[in-house]
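J.: Checked TrEMBL, it gives:
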| type | residues | note |
| --- | --- | --- |
| DOMAIN | B:3-244 | domain 'Thiazole synthase ThiG' |
| ACT_SITE | B:K91 | active site, schiff-base intermediate with DXP |
| BINDING | B:G152, B:A179, B:G180, B:N201, B:T202 | 1-deoxy-D-xylulose 5-phosphate binding site |
Amino acid sequence: MISVLGQGVAGLCAATTLAERGFAVEVIAPASAPAAASDLAGGMLAPFCEGESAPPVIVARGHGAADWWAARFAGVVRRGTLVLAAPRDQAELDRFARATAGHVTTDPGVLEPELAGRFARGLHFPTEAHMDPRAALGALRGALIARAVPFRGGPPRGRIVDCRGMGTAAHLPDLRAVRGEMIEVSVPDLRLTRTIRLLHPRFPCYIVPREGGRYMIGATMVESARTGGVTARAVMELLSAAYTVHPGFAEAEVIATGAGLRPAFADNIPAIRRDGARLHLNGLYRHGFLMAPALAADLADILTDEFAHAD
Amino acid sequence: MFYGIDIPSRLMLGTAGYPSPAILREAIAASGAGVITVSLRREGGEGAAFREILRASGCRILPNTAGCHTAREAVTTAQMAREVFGTSWIKLEVIGHADTLQPDPFALVEAARILCAEGFEVFPYATEDLIVGERLIEAGCRVLMPWGAPIGSGQGLRNIEGLRSMRAHFPDVPLVIDAGIGAPSQALQAMEMGFDAVLLNTAVAKALNPVAMAQAFGQAVAAGRIAHKAGLMPPRDMAAPSTPLFGLAELADAL
C-alpha cells in the first residue's frame, strides 16, 4: 500500500500513475488540510514558454504533459500560446524569442481576431496547450474514486509519498515559498481562445481563457512566504497588463482573487527526495501541471524497482 | 572606501529577477561581486528563506528600499532592513515616477537626513544633479549613487558629460554608478571615468546565461578600474604617428 499525502496536482498525479501501474494506493487528505496551491494555477501546459527562464530539463520533460492530461481529461485545449508585448517593449519580444524555441512569428490579429490592429507582431507557440486546472484535478479525483482508491483523513497505512507542498516544509529545510497572486474575471463579450502572455520588463502576465467567458489572469512571483489575500498592487499590475492586451478587460467582472505559496527548491526544479522511508515529490514551483506527470512516472519507477528488489 | 569599508571587487550586484536562487548564487560567485543588494519592500518579513540564501553567499549585503515612493516608506523599510540584516548600510531609493523609476530628489534628501541622523550609512540613488549631490552630502551621506540611465533600461551612461562633471565636482566622495547599465563595455567605461563602483542587476539577471554575463561584468569592472589607475592617455584631435616621419625611405622617388 502506498499512502499519498496531499491532493494537489502533485498528489493526484502521483496517485493516478501509481494506481494505473497497479499499486494499491490511498490518498490522505484530511478535511483540515490547507487548500492546494494548484487550485490557483493557470493550467498552462507551455514547456517552450517556460524555457524563457526555466532550465532545459523543464522544457524537455514538460513536453509529454499535454498528452498525459488529454488522455485523462477532456478539457485540454491545444491552441498554443500567443506571446505579445506593447509597442515600446518590443525588445522584450526579441529577448523572449532568443530565449525560447518552438515558436513562429505571427500576426496576432490573424490568430485572435479580437486583437486585430492592436499588436503588430507576436510569437506563436503552436504546440502548447491549456486547461482549467481545477476541472482537471476533479477528473483525476473522479477516476481514482472510480478505481476505489480511498480518500480519507487519519494516519497513513502504507509507504509514505509526501506531496503536500509547503505543508511539509518542516521535512524539507531547503524548500521555500514563492508567493503567487491571481485574479479571475468574467468578460463574456471578449473572445480570446488561447493563452496570451504579455511581456513587460516588470509586470509580465498571462491570461488563460476558461469556459463561460472567464479568464484567469496571473501571476505574481514574490520571494515571500506571506499568506493572506491578494494585494492591491498585484491586482493593479495584473489588471493593467490585461487592459494592455485588450481594453475589454476594463469592463470585466472580477469574480475571484487568490494568493498562494508555490513550493520551490533553490534551483526551482521539481524533484523527488528521499527522507528515510518517506519519499517526497515536491518543489513544483510554477511548473506543477507541466511537471507532475513526469515526476509521477519517476516515482512509479522508483517504487517498482524497490518492490522488485524486496521480493 | 565605502563608509570605511574597502570591498574587494568594485562590482555591486542586484539580486532580483534571476531564473532561480541557485543561478543567482552561481552568478554572484562568477562575478566576484563585493556587495549584493537586496530589496525588502515587497517581500516583507516573510521573505526570510530567500534572504537566507543571500546571506549564505558570504557577500557583504546592501539592503535597498526599492519600491518605496515616499520618504516615510523608505525610512520604515530601512529600519526593517537594519533589523533583518544587522547592517547600518542602506541603499536609499525613493522613486518619483512609477513608470520611469526616476528618483524623487526632494523625498530622497528628506529620507537621507532622517536616516543619517539615526546612524544609517546611506547610499542614495540619485541623478547626476550636482546640487542634489551637495544636499545629500549635507544630509550626512558619504557615498553618492548617480544613475547611468533609468533602472532596467540598459542604456548605459546616458549623460556622460554630466557624470564627468559630477566626478570632478566630488573628487573625494565615493561615487557609484547605479542603474541603467546594460553591457560590460558600459560598466568598464564608468570605471575608466574614475567612478568607484558600478551597481547593476537586470543586465545579468535577464541575460540568456546570467552566470557567464556575471563573469563578464566582473572582468569589465576590474579592467576599468585598473585602466583608470594606470592613467588613460588623453584623446588627441589628429592622428599621431608613433614613429618619426623623418628618415623614412622616400619610395615614391625611386620609381
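The backbone N, Cα and C atoms fix where each Cβ goes, glycine too.
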J.: Using the Cβ centroid of B:G152, B:A179, B:G180, B:N201, B:T202 as the reference point for the 1-deoxy-D-xylulose 5-phosphate site, which residues of the same chain not in that list have Cβ within 8 Å?
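T.: Going along the sequence, the neighbours come out as B:G14, B:A149, B:P150, B:I151, B:S153, B:G154, B:I181, B:G182, B:L200, B:A203.
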J.: Run a quick check on B:K91, B:G152, B:A179, B:G180, B:N201: which of these recorded positions have any Cβ-Cβ distance to chain A under 8 Å?
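T.: Only B:G152 pass the 8 Å Cβ test.
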J.: Where does B:K91 (active site, schiff-base intermediate with DXP) sit in the DSSP three-state scheme?
T.: strand
J.: With Cβ-Cβ distance below 8 Å and at least 6 positions apart along the chain, what are the contacts of B:G152 (1-deoxy-D-xylulose 5-phosphate binding site)? List them in sequence order.
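T.: Sequence-distant Cβ neighbours: B:L101, B:A179, B:G180, B:N201, B:T202.
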J.: Are there residues of the same chain, six or more positions away from B:K91 (active site, schiff-base intermediate with DXP), whose CB falls under 8 angstroms from its CB, and which are they?
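T.: Once residues fewer than 6 apart are set aside, B:K91 (active site, schiff-base intermediate with DXP) is near B:T37, B:L62, B:P63, B:N64, B:T65, B:F123, B:P124, B:Y125, B:M145, B:D178, B:L199.
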J.: Could you please provide the mean pLDDT value for the domain 'Thiazole synthase ThiG' (B:3-244)?
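T.: Looking only at the domain 'Thiazole synthase ThiG' (B:3-244), pLDDT averages out to 92.
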J.: Provide the number of Cβ atoms within 10 Å of the Cβ of B:G180 (1-deoxy-D-xylulose 5-phosphate binding site), excluding the reference atom itself.
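T.: So the number of other Cβ atoms within 10 Å of B:G180 (1-deoxy-D-xylulose 5-phosphate binding site) is 23.
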J.: With 1-deoxy-D-xylulose 5-phosphate as the bound species and B:G152, B:A179, B:G180, B:N201, B:T202 as its recorded binding residues, calculate the greatest Cα-Cα distance and give it in Å as a whole number.
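T.: Site span for 1-deoxy-D-xylulose 5-phosphate, by Cα atoms: 9 Å.
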J.: So, in DSSP terms, is B:N201 (1-deoxy-D-xylulose 5-phosphate binding site) helix, strand, or coil?
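T.: The residue in question, B:N201 (1-deoxy-D-xylulose 5-phosphate binding site), is coil (DSSP, three-state).
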J.: Please identify which of B:N201, B:T202 has the densest Cβ environment, defined as other Cβ atoms within 10 Å, among these binding-site residues.
T.: B:N201
J.: Would you count the other CB atoms within 10 A of the CB of B:A179 (1-deoxy-D-xylulose 5-phosphate binding site), including those on all shown protein chains?
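T.: Result for B:A179 (1-deoxy-D-xylulose 5-phosphate binding site): 25 other Cβ atoms within 10 Å.
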